[in-house]
Amino acid sequence: MACSGCSCEAAVGAMASEAYLEGAPVREARELVAELCRHFYAQGWVTGTGGSITVKVNDPTVPLADRLIVMSPSGVQKERMVAEDMYVMAADGKVLSAPVAKPWPNKPPKCTDCAPLFMKAYLMRGAGAVIHSHGIETCIATMLIPGAKEFRVTHMEMIKGIKGHGYHDELVIPIIENTPYEYELTDSLSEAIAAYPKATAVLVRNHGIYVWGESWINAKTQAECYHYLLDACIKLYQLGIDWTTPEHGSINNPRRPHSILSPEICNGCHAADSSKCVVLDIEGTTTPISFVTDVMFPYARDNVRKHLTSTFDFEETKEDIKLLRIQIEDDLQNGVAGAVPVPPDEGGKEEVINSLVANVESMIKADRKITSLKQLQGHIWRIGFQKKELQGVVFEDVPVALKNWHASGIKVYIYSSGSREAQRLLFGNTTYGDLRKFLCGYFDTTTGNKRETRSYFEISQSLGVDSPSQILFITDVFQEAIAAKNAGFEVIISIRPGNAPLPDNHGFRTIKSFSEI
């Protein structure tokens with residue numbers, strides 16, 4: 001926990017002292033960054049003086065958020081880096097120690113142009129180290145799907161090396177557009193970090209990648225995994241293999257006209273036949289509303305206290321609580337009914353949990369579609385599915401349709417207000433078995449509000465279609481249908497038992513079963 005008041009000022013002053021700056025922790029951090037620069041140069045990540053590395057000083061007596069920062073300089077040959085070349089900064093980015101100028105032809109010392117971006121990763125993610133690589137694979141990978149806002153890959157072993165991911169998961173890396181100057185990327189990087197709470201990296205189109213971790217070892221390991229995966233995807237592209245689907249089928253297979261790189265489209269009279277991709281809502285579309293309202297929501301509500309109590313000190317739950325605190329603070333400022341203040345951690349575990357439970361119960365009762373709630377619910381449901389206390393329910397026509405679309409080469413995605421993890425849990429544990437093999441990806445509220453047109457525009461960019469009209473969206477919610485239609489999607493409204501009535505003359509095609517498509 002960060003220090004405060006006079007004690008904080010004293011601590012900062014002590015760390016800014018010459019004795020501390022020349023002490024073992026700072027010296028070791030300087031040497032580490034120099035060593036990593038030389039190592040990454042050999043990997044081809046920081047050639048031509050490009051790329052950069054930063055780490056927090058490893059001093060266990062100081063909270064991570066308050067530790068000093070060591071950054072590599074700009075314009076220096078990375079393979080010749082030494083500890084004396086490094087900049088040392090306070091936790092707020094203030095330079096405390098700068099390198100001494102070297103004779104010509106060396107350039108005057110200058111801190112890395114990545115500094116403001118590194119600071120965002122430190123402040124927004126609580127990182128312990130950040131790596132910026134110009135590895136050629138990080139540049140080429142963003143060119144494979146022009147205009148895409150995300151890079152997606154699934155079912156590859158090295159995905160397990162990325163925090164919070166497993167072999168079966170879909171790894172999603174946000175892509176931001178390059179700018180003439182590095183510092184101009186700061187806002188778009190911040191937006192990507194905020195929009196993708198699970199991400200530990202951001203790609204910059206035609207440029208490189210930023211990777212962060214809780215320690216230099218974690219950041220380095222993940223960076224190696226990202227480079228491996230991106231390089232593998234480029235090679236798969238050259239071989240005509242689709243890396244975005246579980247089965248990794250052929251990109252140019254005539255039975256797979258939907259492929260992310262294939263321009264051909266099937267000709268046919270049915271909606272799915274004229275689409276490269278199908279995007280499905282869950283509640284009221286693939287799954288009865290009653291299952292969500294009568295089974296899933298009550299399970300999360302009834303187990304939230306138990307979950308928070310038993311996992312309070314877990315990193316995953318700490319992140320959940322952090323997101324809830326941010327949402328609750330915003331709710332309090334906006335006068336949202338049911339929002340109650342959450343005491344600081346010093347107030348005691350029980351008091352914090354009591355207030356969180358009250359807020360979560362209020363959020364569930366109001367059926368709020370917010371990321372902080374959906375992420376926590378997903379973690380609670382995960383335990384329920386693991387214990388076999390929950391089993392996913394889908395309408396009987398859904399597995400048949402998914403199988404047929406899959407066999408026809410049509411990619412199917414899910415877009416739900418539930419977290420991506422919750423989506424995978426539901427479809428991976430249904431009464432019809434594991435249906436995830438028929439699904440190519442998952443979108444949730446990190447993409448955007450389901451009733452906003454821009455969310456569907458983002459999805460169309462991510463799927464790499466030539467036109468949004470090549471995407472069929474099926475939902476039970478009229479407002480979502482309007483938003484998707486305004487984004488150029490083809491839209492069908494699902495009529496299922498328990499769904500809300502539609503307005504007269506709504507203008508959309510409706511179905512009562514996927515067999516009608």
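The backbone N, Cα and C atoms fix where each Cβ goes, and this holds for glycine too.
Remember, predicted model here, so these are calculated numbers, not experimental data.
Annotated features, as they stand in Swiss-Prot:
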REGION    1-242  region 'Methylthioribulose-1-phosphate dehydratase'
BINDING   CYS114  substrate 1 binding site
BINDING   HIS132, HIS134, HIS207  Zn(2+) binding site
ACT_SITE  GLU157  active site, proton donor/acceptor
REGION    278-517  region 'Enolase-phosphatase E1'
BINDING   ASP281, GLU283, ASP476  Mg(2+) binding site
BINDING   SER416, SER417, LYS450  substrate 2 binding site
Which three-state DSSP class does the residue listed as 'active site, proton donor/acceptor' fall into? helix
For the region 'Enolase-phosphatase E1' (278-517), what's the mean pLDDT in this predicted model? 92
As a test of the contact definition, list every same-chain residue at least 6 positions from SER416 (substrate 2 binding site) whose Cβ is closer than 8 Å to its Cβ. ASP281, ILE282, GLU283, ALA422, GLN423, TYR442, PHE443, ASP444
Between GLU157 (active site, proton donor/acceptor) and HIS132 (Zn(2+) binding site): CA-CA distance (Å): 23
Candidate with sparsest Cβ neighbourhood (10 Å radius) among HIS132, HIS134, the listed binding-site residues: HIS134
So which other residues, same chain and not among HIS132, HIS134, HIS207, have a Cβ within 8 Å of the centroid of the Cβ atoms at the Zn(2+) site? GLY50, GLY51, SER133, GLY135, THR138, CYS139, VAL204, GLY208, ILE209, TYR210
Any idea what the Cα distance is from HIS207 (Zn(2+) binding site) over to CYS114 (substrate 1 binding site), rounded to a whole Å? 13
Can you tell me how far the Cα of SER417 (substrate 2 binding site) sits from the Cα of CYS114 (substrate 1 binding site), in Å? 35
What does the structure give for the C-alpha distance between LYS450 (substrate 2 binding site) and ASP476 (Mg(2+) binding site)? Integer Å is fine. 12
ASP281 (Mg(2+) binding site) - helix vs strand vs coil (DSSP): coil
Rounded distance in angstrom between the Cα atoms of ASP476 (Mg(2+) binding site) and HIS134 (Zn(2+) binding site): 45
Can you give me the same-chain residues 6 or more apart in sequence from the residue listed as 'active site, proton donor/acceptor' with a CB-CB distance under 8 Å? TYR167
